[in-house]
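Taken from TrEMBL as is:
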type     : residues            : note
ACT_SITE : Asp8                : active site, nucleophile
ACT_SITE : Asp10               : active site, proton donor
BINDING  : Asp8, Asp10, Asp179 : Mg(2+) binding site
BINDING  : Asp19, Asp99        : substrate binding site
Amino acid sequence: MKFLLVFDFDHTIIDENSDTWIVKCAPERKLPNGLRNSYQPGHWTEYMGRVFVYLGDNGVKEDEMKRTMTTIPFTAGMIDLLGFIGENKELFDCIIVSDSNTVFIDWILKAADFHKVFDEVFTNPAAFSSTGYLTVQHFHAHHCAKCPKNLCKRKVLKEFLDKQLERGVSYTQIIYIGDGGNDLCPVMFLRKNDIAMPRQGYTLERRISQLAQSLSPVQCSVLVWSSAIDIMSYLKLLIKE
């Protein structure tokens with residue numbers, strides 16, 4: 001009996017988007033229009049690369065960025081949920097699949113002492129250059145037309161499950177917790193026995209219900225959450241069974 005919990009990060013574990021939160025470090029806490037308007041759909045990572053160059057050019061250093069990022073609030077109930085998972089690690093494997101970056105997620109989890117809850121974090125690799133600028137790269141290359149250029153979460157999940165099977169680990173159930181449009185691709189990969197948990201009022205919930213209306217519903221069960229306490233209640237029922 002082992003369960004796999006797959007978490008998105010922005011607007012799921014934390015109640016904000018880590019990439020837009022960093023703008024608080026910019027002069028006057030905003031970006032110039034030319035930079036803001038330079039985003040092209042599917043190329044968010046490249047856009048963030050330009051944002052980090054702008055911050056570096058304006059003398060924003062690593063410690064200031066770290067201070068700012070660790071003030072992001074967790075989603076309602078999330079601290080309780082992660083505490084509960086941490087106490088029941090023998091039952092739950094727990095991973096993050098996120099379009100944020102390694103530096104931001106690492107800072108936020110370590111500051112709250114939650115890094116031990118997660119077995120692996122799959123996100124865009126980031127690092128500070130010798131000149132003190134934050135740089136970010138694509139997580140991987142893929143051929144999925146539905147996903148942004150840098151990350152297909154279905155591919156990540158599938159490769160993780162394959163690797164676990166090679167180690168002799170299979171899961172009774174996969175529980176996927178997310179909010180965004182890029183969470184739909186992995187949710188469509190889930191089987192009948194699995195559970196998708198979209199956050200109430202966010203894109204993923206909307207996309208799943210559109211699929212149901214067009215009579216091509218997802219195979220897995222769907223349970224909407226508004227507070228992470230809803231997720232914890234479900235997990236408690238699960239381990240009672």
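Using the three backbone atoms N, Cα and C, a Cβ is placed for every residue, glycine included.
Other residues of the same chain near the Mg(2+) site, with their Cβ within 8 Å of the Cβ centroid of Asp8, Asp10, Asp179, are Phe9, His11, Thr12, Ile13, Ser98, Gly178, Gly180, Asp183, Arg199, Tyr202. All protein chains shown were included, and the count of other CB atoms within 10 Å of the CB of Asp19 (substrate binding site) stands at 20.
Proximity note: of the listed binding-site residues (Asp19, Asp99, Asp179), Asp99, Asp179 have a CA within 10 Å of the CA of Asp8 (active site, nucleophile), given in sequence order. Counting only same-chain residues at least 6 apart in sequence, those with a Cβ under 8 Å from the Cβ of Asp179 (Mg(2+) binding site) are Asp8, Asp10, His11, Thr12, Pro198, Arg199, Tyr202, Thr203, Leu204, Glu205.
Sequence-distant contacts (6 or more apart, same chain, Cβ under 8 Å) of Asp99 (substrate binding site) comprise Asp10, Trp44, Thr45, Thr123, Asn124, Pro148, Asn150, Leu151, Gly180, Asn182. Minimal Cβ crowding within 10 Å, among the active-site residues Asp8, Asp10, is found at Asp10.
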